[in-house]
Amino acid sequence: MIEERDLVLSNGIHCIADIHSELYARLKKESQAVTPWVYQKQYGKFVTYFVAVIIFLSLIKKLAFMYYDSSEEFLPEKKNSPTTPSVFLARIMTKLVAFNRYICYRKFPTLIFSYLGIPTSVGTFLVVMATTLYTLLYCFVPHPFYRPCAGFGSPPLSVRAGIMAISLVSFVFSLSGKINVIGWLVGLSYEKINIYHQWASILCLFFSWVHVIPFLRQARHEGGYERMHQRWKASDMWRSGVPPILFLNLLWLSSLPIARRHFYEIFLQLHWILAVGFYISLFYHVYPELNSHMYLVATIVVWFAQLFYRLAVKGYLRPGRSFMASTIANVSIVGEGCVELIVKDVDMAYSPGQHIFVRTIDKDIISNHPFSIFPSAKYPGGIKMLIRAQKGFSKRLYESNDDMKKILIDGPYGGIERDIRSFTNVYLICSGSGISTCLPFLQKYGPILHKTNLEVITLDWVVRHREDISWIRDEICTLSNNLRQLFLDGTIVVRIYVCSDSTVPGIIKTFPQTADTASDQSDLAKREKDTEFGQDDTESNSTFDKSNNEYKGLITIIPSKPDLNQVINDYQIGFRNCFICSGSDSLRYTVGNSVAGLQAKVFSNKNVEECYLHSESFGY
């Protein structure tokens, strides 16, 4: 029986048998006086204050760069502007920023860290670890963890862990939206702060279990398993907290990298259903204890505000448009494993590096997939998307025989916060379909290059096969024609690295070529010069020769896999440099570490003021 396992305190009081005695009541008051139950709600505020400080510092950084970029003389009206920062303050700022980037731009081994769900960026990792350490210290340093008897009140460790978990729920939901106020304040798009959403969820789960375990342990310590069973039967299951922690564990399991990788579409649909169940059950569990439900009230207000803003500005409820108005996209296969989607006329303003979510109106209508967009050269005013066939939606799209698809567009999202016009040198580094992110920067800023601070734009694109270049053949031809002199002057440099040389004659007839090296591929020196594609028939050769004379020296095609670290170190670094990369994990790993190393030039060379990196990927 329970009485046989009744904890006796040093003063002789029994935690179970004496629960109604006057001495028990007096000891309970003393315990509450030493560690007030009501004070534990302050720990939720401590977590909120810490996150608010991080957001505030990030906001200051964003505003500082906005002011710094706007003070640059990249427009005639900015010449000799009195708002230009003082030289002394500018030097201090650039050195501090370079030191920060020297550390934060570095990358951990992608394969290991991504598999474990750990941030690969050193900067992101440090923020996550600082938040984790802060919350752990605030939870476990204060004592006592337990009260002498459970009847004296809930274990202090449980209460403060629970209130800390609830305070984190607000940030978990706020960080989950494609449009979110935190991302707007700190100047980061949702896909970049999604890692903070994931880790806030992990911390919330951890503190939820810290909240649960002391209750179970103290009940067992005082009266054994029978006491635990008795307290379980006496509580309302829906009120007990079991449903919310069950939902939270299911959310965590379904969000593991391995689950997202293999069951991404199931994860997307399951995620929001579990989140709704978690929120409702948690509200029922905590109301009205310590006013903690107010965190959840604030959460739902912010979340719905973000959702309605997204639907009205980016989504299907835009003013002046029909509800969920669809559009037609042309579908075509442009190479092995690659699909091209072109929307001829788009009523949407977008910037280089942004992406949209595409939903096809067919059996895949529940699926919503992100794709980078860039202007179509074939259809002025239209947008183009390159989609690599992998699994799920992209594979079905590639294998379909449809020439057109009716789609819903949600977006645009993402992009770069900095003003590209304030830099002197822009380096675009990409692999595969990552060209979708980098090419629009060249398309937009190439024609206005001399109206800005920009001096050089360099594009380095790594592809597997030579025929992959046909993905953007129209766009490259248009740029070569319109900006021919800039190409010849070396103001615009385009290099394409072909890792596996597999010429397809039919693809290259109209592609602008640069030098006659196809006849002597064994000459190593020729590989570093402009390379052309060969033709087998006389008519094609004649066409090619004319094209070659017109575009000679414009595009460099190198039939070898590049050492990107060496490529970046060989750049002629300018005064203010912007690196934009998009592509594989290995590419972003190399570029991140290389640009981190370039920060040393800011200290050693007075002619180098900034090396800024913007990397793009859909890693969520």
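Residue numbering: from 1, along the chain as shown.
Cβ atoms here come from the backbone N, Cα and C positions, even for glycine.
As annotated by Swiss-Prot, heme 1 binding site applies to His197, His271, with the evidence given as similarity to another entry. The Cβ neighbour count for His271 (heme 1 binding site), using a 10 Å radius and every protein chain shown, is 16. According to DSSP, His271 (heme 1 binding site) is assigned to a helical segment.
The feature heme 2 binding site is assigned by Swiss-Prot to His211, His285. Neighbours of His211 (heme 2 binding site), defined as other CB atoms within 10 A of its CB across all chains, total 24.
The domain 'Ferric oxidoreductase' feature in Swiss-Prot is assigned to 161-320.
Shown for the domain 'FAD-binding FR-type' (321-419): DSSP residue counts in helix, strand and coil, namely 7 helix, 45 strand, 47 coil. For 321-419, the entry in Swiss-Prot reads domain 'FAD-binding FR-type'.
According to Swiss-Prot, the feature region 'Disordered' maps to 519-544.
With DSSP classes pooled into helix, strand and coil, the tally for the topological domain 'Extracellular' (1-45) is 25 helix, 2 strand, 18 coil. According to Swiss-Prot, the feature topological domain 'Extracellular' maps to 1-45 (among others).
Summarising the annotation, Swiss-Prot assigns topological domain 'Cytoplasmic' to 67-107 (among others).
In the predicted structure, the topological domain 'Extracellular' (129-167) carries a mean pLDDT of 95. Positions annotated as topological domain 'Extracellular' by Swiss-Prot: 129-167 (among others).
According to Swiss-Prot, the feature topological domain 'Cytoplasmic' maps to 189-194 (among others), an assignment based on similarity to another entry.
Taken from Swiss-Prot, the feature topological domain 'Extracellular' applies to 216-237 (among others), supported by similarity to another entry.
Remote same-chain partners of the topological domain 'Cytoplasmic' (259-265), defined as residues 6 or more beyond its termini with a Cβ less than 8 Å from a stretch Cβ, comprise 253, 366-367, 392-393. What Swiss-Prot records for 259-265 (among others) is topological domain 'Cytoplasmic', and it gives similarity to another entry as the kind of evidence.
Under the heading topological domain 'Extracellular', Swiss-Prot lists 287-292 (among others). Broken down with DSSP, the topological domain 'Extracellular' (287-292) shows 3 helix, 0 strand, 3 coil.
Among the features that Swiss-Prot reports, topological domain 'Cytoplasmic' is placed at 314-620 (among others), with the record citing similarity to another entry.
Below 8 angstroms of C-beta separation, residues 93, 127, 131, 134-135, 138, 164, 167-168, 170-171, 182, 185-188, 417-418 of the same chain, each at least six residues beyond the ends of the transmembrane segment (46-66), sit close to that stretch. Taken from Swiss-Prot, the feature transmembrane segment covers 46-66 (among others).
Distant neighbours of the transmembrane segment (108-128): 54, 100, 195-196, 198-199, 256-258, 585-586, 588-589, 592, 619; these residues of the same chain sit at least 6 beyond its ends, with a Cβ under 8 Å from one of its Cβ atoms. For 108-128 (among others), the entry in Swiss-Prot reads transmembrane segment.
Residues or ranges marked as transmembrane segment in Swiss-Prot: 168-188 (among others).
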Same-chain Cβ contacts of the transmembrane segment (195-215) under 8 Å, 6 or more residues past its ends? 117, 119, 124, 127-128, 131-132, 135, 139, 145-146, 150, 154-155, 157-159, 161-162, 164-165, 168-169, 171-172, 175-176, 241, 244-245, 248-249, 251-252, 255
Taking only the Cα atoms, work out how far His271 (heme 1 binding site) lies from His211 (heme 2 binding site), in Å, as a whole number. 24
For the topological domain 'Extracellular' (1-45), sequence-distant contacts whose Cβ falls under 8 Å of one of its Cβ atoms, 6 or more beyond its ends: 138-139, 144, 147-154, 156, 159-160, 163-164, 166-167, 221-224, 226-227, 230, 290-292, 295
Residue distribution over DSSP helix, strand and coil in the topological domain 'Extracellular' (129-167): 27 helix, 0 strand, 12 coil
Counting each residue once, how many in the topological domain 'Cytoplasmic' (259-265) are helix, strand and coil under DSSP? 6 helix, 0 strand, 1 coil
With an 8 Å cut-off on Cβ-Cβ distance and a minimum sequence separation of at least 6, pull the same-chain contacts of His285 (heme 2 binding site), or say none. Arg239, Ser240, Gly241, Pro243, Pro244
Can you count the other CB atoms that lie within 10 A of the CB of His197 (heme 1 binding site)? 20
